[in-house]
Amino acid sequence: MDLDYFMNEAIIEAQKALESGEVPVGAVVVYNGEIIGRGHNYVETSKHAIKHAEIVAIMQAEEHLNDWRLDGAYLFTTLEPCIMCAGAIIHSRIKTLVYGAKDTQRGFAGSILNIVDDSIFNHRVEVISGIKEIECSKIINDFFRSRRKSTNKR
């Protein structure tokens with residue numbers, strides 16, 4: 001599987017979020033080499049706290065397969081998932097999580113805790129991190145740097 005190709009697709013989704021004024025995180029779900037779910041953060045626009053990129057992509061993939069079980073699927077996301085998204089990844093039975101940038105403040109796939117691969121759960125997710133990390137980190141860091149500058153100007 002071409003990890004860089006699918007992470008580039010997640011980056012395209014992150015750019016869509018950025019263009020909409022959302023935190024620029026993007027995700028895609030890949031099953032049998034095909035993208036079956038796409039998502040980007042949609043929290044501000046939708047006014048729903050759960051509309052994170054990973055959740056949106058997972059829901060689209062579930063609709064595509066007409067099943068909540070995404071056995072064998074890969075989820076690519078530009079930023080390490082938060083605890084809510086990590087829980088959704090476990091519950092939807094994603095096989096492999098691939099993420100770009102670490103989230104040292106809210107990351108639950110290795111930075112704070114690695115709940116997606118914890119033996120306490122009945123389903124464990126393989127984690128591959130650091131794919132296109134520089135590009136993914138730049139998108140999120142530039143966004144927050146820009147927000148801080150605009151906040152400081154007020």
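Glycine is treated like the rest: Cβ placed from N, Cα and C.
Please treat TrEMBL annotations as automatic predictions, because they have not gone through curation.
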### Message
C82, C85 show up in TrEMBL as binding Zn(2+); which entry in H52, H64, H91 does that record put in the same site?
### Response
H52
### Message
Among all protein chains shown, how many Cβ atoms are found within 10 Å of the Cβ of E54 (active site, proton donor), not counting that one?
### Response
31
## Note on the structure
For the binding-site residues listed (C82, C85), most other Cβ atoms within 10 Å of the Cβ sits at C85
### Query
Roughly how many Å separate the Cα of C85 (Zn(2+) binding site) from that of E54 (active site, proton donor), to the nearest whole number?
6
### Query
For E54 (active site, proton donor), which DSSP three-state class applies?
helix
### Query
Neighbourhood of the Zn(2+) site (H52, C82, C85): other residues with Cβ within 8 Å of the Cβ centroid, in order?
V25, A53, E54, I55, P81, I83, M84, A86, A88
## Note on the structure
C82 (Zn(2+) binding site) and E54 (active site, proton donor), compared by Cα position, are separated in whole Å by 10
